[in-house]
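Here the structure comes first, spelled out in structure tokens, and everything after it is commentary.
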Amino acid sequence: MVKLVFARHGESEWNKANLFTGWADVDLSEKGTQQAIDAGKLIKEAGIEFDLAFTSVLTRAIKTTNLALENAGQLWVPTEKSWRLNERHYGALTGKNKAEAAEQFGDEQVHIWRRSYDVLPPAMAKDDEYSAHKDRRYADLDPALIPDAENLKVTLERAMPYWEEKIAPALLDGKNVFVGAHGNSIRALVKHIKGLSDDEIMDVEIPNFPPLVFELDEKLNIVKEYYLGGE
């Protein structure tokens, strides 16, 4: 039996300010830093030992991964970064205050953009200050792969190749895996792992803390699912 641990990044400065973040590269808040440290302590207390770690290319997830592994006494664990684990791209909503967006577009419309499985928010302009098209970390990526907006369906579609090529093979090889990522990229993978319907996944929330653990059998069927610390 293997363990797959998902840790959503700790609270970010934009989480704190109630802003849509998506692919914008925002740092952890002081609270978020402590959440990442505490995640590592919970991992250590649980006696979980990792063989591999995966994270996104966004600072808040990378820092959470590093702090969690460090405080679990496992900073040495090989870690791979991929844009495919990035947060869902919120398009033109990126950087907007969620309450102000609701005032501008209406509560119902913003709720649909945030919570529906397959409705896209307005696209981000390629010359937007937060556009990934001019971000050096994506310089080697085919521009056609860089999104201007995503829903959960599209997020799952771009995360799945990474699951199938990297994460699942490691688990099938008997390795314990840590994934430090984002609320929606984790939700997308949880939908796949649990076989949830499009409607069922909409009620699933991934908190910034504590980490979510899946114990899986040799065919990656779920044996046990729980949050560390009993929360």
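Placement of Cβ uses the backbone N, Cα and C atoms for every residue, glycine included.
Per Swiss-Prot, these features apply:
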type     : residues                                           : note
ACT_SITE : HIS9                                               : active site, tele-phosphohistidine intermediate
ACT_SITE : GLU87                                              : active site, proton donor/acceptor
BINDING  : 8-15, 21-22, ARG60, 87-90, LYS98, 114-115, 183-184 : substrate binding site
SITE     : HIS182                                             : site 'Transition state stabilizer'
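Overlay of Swiss-Prot annotations on the structure.
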residue : record                                          : Cβ within 10 Å
ARG8    : substrate binding site                          : 28
HIS9    : active site, tele-phosphohistidine intermediate : 33
GLU11   : substrate binding site                          : 22
TRP14   : substrate binding site                          : 19
GLY22   : substrate binding site                          : 26
GLU87   : active site, proton donor/acceptor              : 26
ARG88   : substrate binding site                          : 27
LYS98   : substrate binding site                          : 13
HIS182  : site 'Transition state stabilizer'              : 26
GLY183  : substrate binding site                          : 18
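If you take the Cα of LYS98 (substrate binding site) and the Cα of HIS182 (site 'Transition state stabilizer'), they are about 18 angstrom apart, rounded to a whole number.
Considering only the recorded positions HIS9, GLU87, HIS182, GLY22 (substrate binding site) has GLU87 as its nearest partner by CA-CA distance. Under DSSP, ARG88 (substrate binding site) is assigned to coil, being neither helix nor strand in the three-state scheme. Across the structure, ARG8 (substrate binding site) and HIS182 (site 'Transition state stabilizer') place their CA atoms 5 angstrom apart. DSSP gives ARG8 (substrate binding site) a strand state.
For HIS9 (active site, tele-phosphohistidine intermediate), the nearest neighbour among the listed recorded positions (GLU87, ARG88, HIS182, GLY183), judged by C-alpha distance, is HIS182.
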